[in-house]
Structure formats: structure tokens, C-alpha cells
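To start, the structure under review is shown below, and the notes come after it.
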Amino acid sequence: MCFHKIVNCRQRGHYPLSSLLDGYQCARQDEHISYGASAAAVPPFGCTFSSAPGQQNSLAVANEEGIVTIFTTGEKQSSVLKEWQAHDNAVFDIAWVPGANSLVTASGDQTARLWDVITGDLLGTFKGHQCSLKSVAFSKQERAVFSTGGRDGNIMIWDTRCSKKDGFYRQIKQISGAHMKPEKYTPQTKKRRGMAPPVDSQQGVTVVLFCDENKLISSGAVDGIIKMWDLRKNYTAYYHNPLPLQAYPYPGSCTRKLGYSGLSLDSTGSRLFSNCTDDNIYMFNISGLKTTPVAVFSGHSNSSFYVKSSVSPDDQFLASGSSDHHAYIWKISDPKQAPMMLQGHSQEVTSVAWCPTDFTKIASCSDDNTVRIWRLNRRPDGENSSNRDPNLVGWTLRKIQSPPRAPVTPAKGPGSERAVSLASPQPAACAPTGADLPLPSNTSAPSAKVSSPRMPYSIQQWISRGTSPLHKVLTPVLQGPSSERRAKRRLETGDGSGLGEESDGVSELYPDVKRSRISVSTQNEKGDLFSLQTEERLSSAGQAGTGKENSSPRTTDWLSVISQRFKGSAQPKSPNGSSKRHDARTHSSPVSTSSPSRPMKKISCYFVKRTQD
């Protein structure tokens, strides 16, 4: 199906153009394996269509072992037209000379080379970078001038009309340290005039792209800034930090993945699409003054600096590779719409190229060592995955996006910070064997709109029921939205009366003589062990459990018992005097409330140093 036929159908109202995206398919005859010098399959790194008149069906692909392959992509199938060894190292990027049958390769051998595609002759070598070249780009209006960016942090401008020196072309302009990220707490060393900064102190340039004959856009690996350079300005090598014409700072929230792997422009040169390694594609309007993105495309994955994107010839759609083994297509006017997935690759999809003169043709490269040509074919009615053509090796599906999670509003209970679900009680580490625990309740998590959910009946009954020597359990901590609704945690050892439901936090769980101490201990985070203890009536002093961390003596001051036990005494003697630390709010009680004669130590000391009986 030709592009003009699709446009005519769209104009007659038969099919909207976006509805045709699910028709992209890759047949077996359009799948090609990328081979290296030793006839072993290697991953292709870059692919691009020619813009020369009559040669728009020519696709150039470069791979990891420096081999360049020219494919001819007809209307029904594709085939290899030409292949040669361009470099003895990997070719990371490739660019056609505008309107000509020649191209430039950027390699890991620190050089760029100009090739005649018809004859396969080498027309020139460009030497000047100190590390691998990662990107090469031409201006649409100029055939002799192109730019390269490398891992050495430098951007270089080349002109094939200049004379060679020692058999190599030399750069006519250089931007040193274009995306150098300043190191913190490291004093900058003084640079000598005319000397570029050392390579290891710079950050790599990942992409260069011409927006017109005088302006160049570049991105780096870690600085998170897209920069626009005015090539009419003289950026000399001894400048510490070259000042760009415009800078677009990183708009996301990630603190580490601040690099860009691909840049692409629409046909008008006003909208810039940048593949960021935070799994987003940001669209900037570079014709205006705003430096924030006007749209964000998400749904794919990007975990390398090889994933690139391409804009459709009608400027309506954006295609990109992805690290999740798929290629994706978004509608530019509707970024929030779920993208279409081109499925079929088994490894990361790196470079994606949309044919500039044919909407129905897309090329993709993948780490599964294959190059695929995707063609737009309208599916017959009723066709699905069950009766798919067995000759297909790639097809298109709409990505199913999970619905956004509703924000949970914290419950505003007294003393609570966040709402959590009521968990069924579980035996604690110190619970006795055969502890009597209630059956797990089927209580669901409280709604975000409920501030204080009512305690389930099964748990409430379990807490408030009477205790006996047979019920020696550890009362669980109920996780609820209000701290005043928490059950107090203790180890029961007596046979007294049961625990009442807590009302004011201390009145029903503690004797009156201890109110002042508990009110103070609840203010301290380290005192939670005592603020969460529960009291009960104990049957006799001899039956009081010893050796338990949370046990409580009977008819005596609990702190005095601990002090006497620490001394080795069996039973403390209460002095006749009244306690000096007695709270004025407490009433008289038959229980002696006197304090021990020795100074009171920190409560935690007795529990840390006390030996087990």
C-alpha cells in the first residue's frame, strides 16, 4: 500500500491515519542478519535512509565490526545491494551526505571516514578525536560540512573542502568539554593556553544534530543538559566552560539517569525529541524561548546509549527503539495515548529509521543481530494473533498501560502519621508454645476516606475477654490509623480480671499510682516498652511471673521490686514514709507507693542488665 493511497483514503474519511498503525508488519523476507568479518552474527548499531533523488529506498546499516551494508528496500521485499569493511573497529553512527550517494561513518577507532557508495572508494579520513566517535550529523543545506561528537567530550566541525594534512582532514572548529560535568569538592586545575583538558576529566558527547547551517544541538552522557551552539562563534580550546547559545536542563526527577541517547527533529526543525535514559522522551520547542518540555512520551524502556528515535515524514508520529525488545510509535499530538508496539525482536531495539519519503516503511536494528523492515499492510477483517500469517516475524499491538494508582490520603487520627491496614495477629517471638490466638480475620484494609475505622469484632472480643493462667499470650499490636486504638503489648502471667478496651490511653490499663510516670514515658520513643505494657490484677505475689521482660509484681511498687530483685532480695520491704514522687492526681490506695531508698536509675538499665531467673 503506497503512501498516497493512504492519504487519499484518509481524505475520503475511510480510515484515520492513526488507526492504520496496527498494520505494520515484518515479513520473513524483510529480516536480515548482520554479519561481521568472521561471518559471525554481530549487532547492528545504526541505520539511516538515503535522501538522494531516486535513492530514498536505500538503507545504510553499520555494525559492531565496522561493516557497512546497503540494503535496497522495494515495495515488497528488501535485499543487500552492497557491503564492505569500512573500519577495523565498531561503527557507532552513520550519516548520508545530503542529496548524494556518499556517506560518513563514525567509528571506535577515533576517526570518521567518507565513502562513495557507488564505487565503494574511500574519499577521506577525518582525524582529531582522542576517543571513540559516537555521533555524526550533516546539515540539510550543506554537503561539505558535518559534525562529530565523541567520548572525549569534544564536538568537532569538519569541512571536506579544506586541504588535507598528513593525509587526514583536520577539524575547522572544536568545542572542548561541551558536556563536562564539574566534579564537586575538586579544585579545577589551571589550564595552559591552547591545551584541551585531559580526557578523563571530561564527559562524553552522545549525540550531535544540526538544526540549521549555523546552529548545532548536542547532548551528553551524564550532565543532563541539551545545548544549542552557535557555530558562528569561535569556541577556542583553552576556554574552561564553553557557553552555549541555549541550554535545556534536565526536566525529570531522576537523580542519576541524566543522559540522552538520541536526538531527532521534525521536518520544520522546531520540535526536538530527546531520548533520555530515564525511560522518557522529551519534546522541546526550540523555536521559542521556553526551555521546559512541551510534551513527554513514556511507556518504553531505555537503559543504554544506543536507543534512538525517528519522526514520521508527515510529522505526526514518533518511532523509537526500546530496551524491552520492542519498538514503539506514539502520536505526537496525543502523548498520553498508549503507544503501538512493534513486536518481534528478541533483544534491545536500538536505532529506528522512518523512511523520509514513505510513511509505510520503518527500519529497526536490534541487539539480536537483525535488521528488520516494517511495512504497513492493512489487516483483513477478523485477523488476530490466532490466525496470523506464519510468514510474519514481526507484528504490531497496542500497549496496554496499567491504570494509574489512586493516591492514598493519610488518615487524620490523633497521633497517627499514616493509615495502614489491620493485620491479623500473629504469634510473637516470645509467645509460649500453643498460644491462644484468634483466627485470622477477613477484615479488609481501611478506606482512605475513613479516618478511624472501627476495630473488628473478633479482635475486640479477643482483647477485652477475661484472662486466666491458660491464656498466656502476647497481646498483638494492631496496626490502625489511630495510636489511641492500639492494643497494648504485654505478656500476661496472672489470673486476674480481663483487660478493658482502652479509652484515654492510661486510665483503664494502668493503676492510678502510675499515671504520671506513664504520661512521661509515652513522650519518649525509647520508653515504648513501658507505655505499651498492660496491667491486671495479680492473684498472689508468689504467682507473679519472674524472668519475663514485661511481668508485673503484686501489692508492691513495681520499680521497688525490680530494684530489690536486682540486689538479689526475695521480697522488698516497704518503708513507712509516703512516696515523694506520688502524683497529686492519684488517690489513696492500699498498695504501698513508697520509693526505694537508693537513687532511682534509668528504667532501661534494669531490663538490660537483669539476669533471667
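Note that Cβ sites are derived from N, Cα and C of the backbone, with glycine treated the same way.
TrEMBL annotations: computationally assigned, not manually curated.
Marked as compositional bias 'Polar residues' by TrEMBL: 440-450 (among others).
Sequence annotations record features per position, and here TrEMBL assigns compositional bias 'Polar residues' to 540-563 (among others).
Annotation comment: TrEMBL describes 588-598 as compositional bias 'Low complexity'.
Marked as region 'Disordered' by TrEMBL: 396-452 (among others).
Taken from TrEMBL, the feature region 'Disordered' applies to 476-613 (among others).
On the 0 to 100 pLDDT scale, the repeat 'WD' (84-125) averages 97 in the predicted structure. Taken from TrEMBL, the feature repeat 'WD' applies to 84-125 (among others).
Beyond the repeat 'WD' (126-161), the same-chain residues lying 6 or more positions past its ends with a Cβ under 8 Å from any Cβ of the stretch are 89-90, 92-100, 104-114, 168-180, 196-197, 199, 202-210, 212-213, 216, 218, 220, 229, 231, 305. Feature annotation from TrEMBL assigns repeat 'WD' to 126-161 (among others).
According to TrEMBL, the feature repeat 'WD' maps to 205-239 (among others). Packing against the repeat 'WD' (205-239) from elsewhere in the chain are residues 134-142, 145, 147-151, 153-155, 157, 173-176, 178-181, 191-196, 245-250, 258-265, 269, 272, 274, 284, 286, 305: each is 6 or more residues past its ends and has a CB under 8 Å from a CB in it.
Sequence-distant neighbours of the repeat 'WD' (310-340) (same chain, 6+ residues past either end, Cβ-Cβ under 8 Å): 3, 17-18, 21-22, 24, 262, 264-268, 271, 273, 275, 281, 283, 295-297, 299-304, 346-359, 362, 364-366, 368, 374, 396-401. The feature repeat 'WD' is assigned by TrEMBL to 310-340 (among others).
The repeat 'WD' annotation in TrEMBL covers 342-377 (among others).
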Provide the three-state DSSP residue tally for the repeat 'WD' (310-340): helix first, then strand, then coil.
0 helix, 13 strand, 18 coil
